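The structure appears below as structure tokens.
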Amino acid sequence: MAKLGKLRLGVNIDHVATVRNARGGDTPDPLRAARIAQEAGADGITAHLREDRRHISDADIEGLMEILNVPLNFEMAATDEMQAIALRHKPHAVCIVPEKREERTTEGGLEVAREENRLAHFIAPLREAGCRVSIFIAADMRQVEAAHRIGAQVVELHSGAYCDAYHEGRYDAADAELAKLREMTTFGHSLGLEMHVGHGLTYDTVSPVAAFPEVVELNIGHFLIGEAIFLGLAPAIDEMRRLMDEART
Ligand SMILES: CC(=O)[C@@H](O)[C@H](O)COP(=O)(O)O
Ligand SMILES: NCC(=O)COP(=O)(O)O
């Protein structure tokens, strides 16, 4: 069987900032994590500047723009405040994600189909500024089509439902979620979208997703930062990289 192209690994460093913010000081430093991640072979760094600044801060984004040699994937809600920040920094990629203040994490994908007109106008200046615009959505055909219609270049499919089902032992549901992800990566690719997947991925769940031929990037954070406590960040990334490469063979 032919070997697939190399899959990019974007390391999300949000939860280094979560630990830092638990004490309100400077450590652990997300910028240090980003440096280690890029030295360990991360192909990009992902950071989500939430409206409530619960983890990543404005200063973190500024620092990342200064120090990174790999692309920054800047995750943000579709608000005027975030658009202005993105236009000031012009990161390589901007990923538009849904946000609810009270949620524990990003629970679902963006409702693009319901807000097509507003989102098309929202992303236009980001594209004009040279950012690759990515839309974080559920594996749902209506949303993939809408993301394409509004002019997004990239779609990131939310893998949380698959990972949750797997880790809760609901294997039939996990298989069903995986099948949706598989189908929508093929469909999105057929429309000319660059296909990414992310959220909740772990060593146990990454391989089937990494084997999807049309996927070019996985964004993984919470699990890697957790593993870093036990293994160190570089070895945790190495193991994820190994599993991804193995799945591509
Ligand atoms: C958009 C996404 O899936 C992640 O970047 C996630 O938002 C990380 O931050 P939280 O864990 O605060 O949701
Ligand atoms: N966009 C998903 C992401 O960046 C990482 O999500 P998680 O691995 O922290 O759940």
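Positions of Cβ are set from backbone N, Cα and C atoms, glycine also.
Unlike curated records, TrEMBL annotations are generated automatically.
In the record from TrEMBL, residues Asp14, His15, Arg50, His55 bind 1-deoxy-D-xylulose 5-phosphate; the candidate from Thr105, Thr185 listed for the same site is Thr105. With respect to Cβ neighbours within 10 Å, the recorded positions His15, Arg23, Arg50, His199 differ, and Arg23 shows the lowest count. Counting other C-beta atoms within 10 Å of each candidate's C-beta, the recorded positions Asp14, Glu75, Glu156 are led by Glu156. Looking only at the recorded positions His48, His222, the densest Cβ neighbourhood within 10 Å occurs at His48. Annotation note: His222 (3-amino-2-oxopropyl phosphate binding site) sits in a helical segment as assigned by DSSP.
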